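The following features are taken from TrEMBL:
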TRANSMEM  6-26  transmembrane segment
TRANSMEM  33-53  transmembrane segment
TRANSMEM  65-85  transmembrane segment
TRANSMEM  92-110  transmembrane segment
TRANSMEM  122-140  transmembrane segment
TRANSMEM  152-173  transmembrane segment
TRANSMEM  179-199  transmembrane segment
Amino acid sequence: MFLQLFKVWIGVFSVSFLFLPILLVLDWRKRGTAEGFSSVVLIIPMIIQAFWLRHGWMTNDTTQILINSMNISVLSCYIAAYAYYQPKRKFLIGQLISALLIIKCAFLYVDSHDSEHMESAMGTIAAGAQILGLGGRIYEIRRAIKMGTTEYIPAVMQFAVAALMAQWFIFGIVTGNKFIVIANIAGLITSAVTINLYFRYPPLTWTVPIFNIPPQNSKKQE
């Protein structure tokens, strides 16, 4: 009974986060451009969710199937919005083509295994991809340190992702899915590092919520 309720909870919890990137789209609309923002943070999750979707399909996990199907559909809409507000689209097109090739090659690799080991192979790829996918967030961390500001790392999304990963970490423990546990431990560590950056390199023009960290520009004016 507890497991069923938890599955419903994590399903609702995960789906609710699908609407958070709307804040990004509104920011792009306000600025009139998406230039300065990286599409990597949208492309990499789409690849990872495609892997988890197939893993869920192979393990007959309805929770994973529903959540990742919705995630991929909504992410596609956000990528379309990014393309609309991004004046330099050639890099985005290249990233999308690369993403499709990566997904196809991964599926072909899994299909090359015998039926007994296909499920494990897909789980390993999904977890590995989620950990490697942190490269996009690590890139954002390095860029923020280099620029001396977290202006282009939306705080609300960072807090939301950390909360979501914590939920999936618990889900992995409860269901005994080691792949989900390992992947989300790495994600939680990265989230902790990213959130710490708001204290060291505050945004230029906006206040970090929850911690109420003022922007650098306001400090200079004082």
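Keep in mind that glycine also has a Cβ here, set from the backbone N, Cα and C atoms.
Heads up, TrEMBL stuff is auto-annotated, nobody curated it.
The transmembrane segment (122-140) shares the most Cβ pairs under 8 Å with 33-53, out of the stretches 6-26, 33-53, 152-173, 179-199. Counted over residue pairs 6 or more apart, the CB atoms of the transmembrane segment (33-53) and the transmembrane segment (92-110) come under 8 Å in at least three pairs, which marks the two as touching. Outside the transmembrane segment (152-173), and at least 6 residues removed from its termini, the chain residues within Cβ reach (under 8 Å) are 6-7, 9-10, 13-14, 17, 20-21, 23-24, 27, 36-38, 140, 143-144, 179-181, 183-185, 187-188, 191-192, 194-195, 197-198, 203, 208-210. Tertiary neighbourhood of the transmembrane segment (179-199): same-chain residues 55, 123-124, 126-127, 130-131, 134, 137-138, 140-141, 144-145, 150, 153, 155, 158-159, 161-162, 165-166, 168-169, 171-173, 208, 211, 213, selected by CB-CB distance under 8 Å and a gap of 6+ residues from either end.
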